[in-house]
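A.B. asks: The structure under discussion is supplied below as structure tokens; questions concerning it will follow.
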Amino acid sequence: MADQWQREYDFAEKVARKAGEEIRKAGESEIRVMTKSCTVDLVTKTDERVEKIIIGSLKQEFGEGTHCFIGEESVAKGEACILTDKPTWIIDPVDGTTNFVHGFPFVAVSIAFAVNKELEFGIVYSCLEDKMYKARKGQGAFCNDELIQVSDVKEIKKSIIISEHGVDRSPEKVNKIFSTMQKILCIPVHGLRGSGTAATNMCLVASGAVEAFFEIGIHCWDIAAGAVIVQEAGGLLLDVDGGPFDLMSRRMLSANNDVIAHRIIKEIEVFPVERDDAPTHRIY
Ligand SMILES: O=P([O-])([O-])O[C@@H]1[C@H](O)[C@H](O)[C@@H](O)[C@H](O)[C@H]1O
Ligand SMILES: [Mg+2]
């Protein structure tokens, strides 16, 4: 069916815009900060409220029980994080919570939709910049309705690379992250960056502002929507060791092309993380 999931796609954009408005308004008043797995893993009442608004609106539009949901704050409260073949929404209500708390101006709403474990579309609304990124499988990627494309740079020495350090601050992991960054910086690349939101980082790859973004320790809700947007903009997704991308593995490299991707992979010091769908999963 040609327009299958079109209603879901259109509605997701509306919901993302509404969620972004809520986040912008909430940022104008005092923000109540709480923590999750550790003292640097922040969450606010806005994260929880916006997730409820998104899931509530989707249930109201498409009916209770027709779709499954994986939402960052619902999983934090103990809901399962298992991707099945059923139509499933994968939601990060506030990607860049630390940015939101500090007033650092990159915060995104990330909404993806998967069927038979395949991503059908992704919406990333970078709400403080008012940039609506979206992509549907096979139909290109857009920012504010303009077609976007990854950069055509193939020389690593002419690239900008993004990585992030996440919230797990165990010294062995931090050492590996910074050792990787040092090696990449000294290739040398033009620069290293990080916006503080994985969803936005992926949109920066998709729109050609940077050549690659990788992270070990991200979650499916941080990257599901961005994954469609990068691919539809002509980029690729891989595991950080060069194997196939696995949404639930918490390991992801997105790049403009395979030359840049494989040059970065040579430098990445991989460390173990528990999968999102592991039965004993602890949230980081
Ligand atoms: O917690 P959150 O702000 O939704 O998401 C975080 C952001 O995407 C950050 O860029 C990334 O480095 C972390 O790994 C994520 O957990
Ligand atoms: Mg996130």
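Each residue, glycine too, has its Cβ placed from N, Cα and C.
On a predicted model such as this, the values are computed, not experimentally measured, just so you know.
Got these off TrEMBL a minute ago, pasting:
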| type | residues | note |
| --- | --- | --- |
| BINDING | GLU72, ASP92, ASP95, ASP222 | Mg(2+) binding site |
A.B. asks: Taking the recorded Mg(2+) site as GLU72, ASP92, ASP95, ASP222, identify the other residues of that chain whose CB atom sits within 8 Å of the mean position of the site's CB atoms, giving them in sequence order.
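C.D. replies: So the extra residues in range turn out to be ILE91, PRO93, VAL94, ALA108, SER110, THR197, ALA198, ALA199, HIS219, TRP221.
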A.B. asks: Can you count the other CB atoms that lie within 10 A of the CB of ASP95 (Mg(2+) binding site)?
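C.D. replies: Its Cβ shell of radius 10 Å holds 32 other Cβ atoms.
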A.B. asks: Give me the non-local Cβ neighbours of ASP92 (Mg(2+) binding site): same chain, 6+ apart in sequence, Cβ-Cβ under 8 Å, ordered along the sequence.
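C.D. replies: Listed in sequence order: GLY71, GLU72, ALA108, VAL109, SER110, ALA199, HIS219, TRP221, ASP222.
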